[in-house]
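Encoded as structure tokens, the structure appears first; notes follow it.
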């Protein structure tokens, strides 16, 4: 299938993947700030933004294959939240297409478990699944509030993200529901050693969904990976703290080019 992507005519391809419920426009600000040096290739996942829904199964593997087909090769790949999980799968399934990987506000597992206290409670995602089935727009708005928090900075982040929810119409309901399933069930902890490219994890110190305490386990699971925690950042640090985000991102990009 053909995914929608926005690619300025610059150099050094950097492909981005958005998170659940949103679309490629979440990266507009970062893309504008990087426009002088990088071909910013922002992809809409199937069923989100301007991309059509997948015709077959909606799995992490089929999403990764669709992204790999759409991205310039080789490329640096950056994914946020659900997009981070997809990016990890792209790097695992298509290593020849990924020069380096940047995982934002995500990790090898999104939900908490007895041996993984760093994620969101599964029943929270179950509640969102129920709301998506009844009222997708309400579910999306609630998810923005959950991830951004109720601080002044969180409200400012929601204000920036909320218009993006309806920029291209609501996402496909099936994509929303299956995206939540992927967030709930995906677990990369036992296959992190299959990812051979340089990896940078960028987290927020106030993330309500992915605890920054995950860094200790990430160092164990991915000893060669770089880690950065943006002070004061929540689940969308590239929205709330773009300057600090770029202070982490640009040196990493410089090292791999």
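Start at 1 and count along the chain as shown; that gives each residue its number.
Cβ coordinates are placed from backbone N, Cα and C, and glycine is handled just like the others.
Keep in mind the model is a prediction, meaning the values are calculated, not measured.
Per TrEMBL, the features are as follows:
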{"type": "ACT_SITE", "residues": "81", "note": "active site, nucleophile"}
{"type": "ACT_SITE", "residues": "207", "note": "active site"}
{"type": "ACT_SITE", "residues": "235", "note": "active site"}
{"type": "BINDING", "residues": "20, 81, 82, 143, 144, 145, 146, 147, 235", "note": "substrate binding site"}
{"type": "DOMAIN", "residues": "17-242", "note": "domain 'AB hydrolase-1'"}
Could you check what DSSP calls residue 82 (substrate binding site) once collapsed to helix, strand or coil? helix
For the recorded positions 20, 81, 82, 144, 146, which one has the sparsest Cβ surroundings, going by other Cβ atoms within 10 Å? 146
Determine the Cβ neighbour count for residue 235 (active site): the number of other Cβ atoms within 10 Å of its Cβ. 28
On a C-alpha basis, identify the one among 81, 207, 235 that is nearest to residue 144 (substrate binding site); the candidates are the active-site residues. 235
Spatial neighbours of residue 81 (active site, nucleophile), counting only the recorded positions 20, 146, 207, 235 and Cα distances within 10 Å: 20, 235
Should residue 144 (substrate binding site) be counted as helix, strand, or coil on the basis of DSSP? helix
What subset of the recorded positions 20, 82, 235 lies within 10 angstroms of residue 207 (active site) at the C-alpha level? 235
Rounded to an integer, what is the Cα-Cα distance in Å between residue 235 (active site) and residue 82 (substrate binding site)? 11
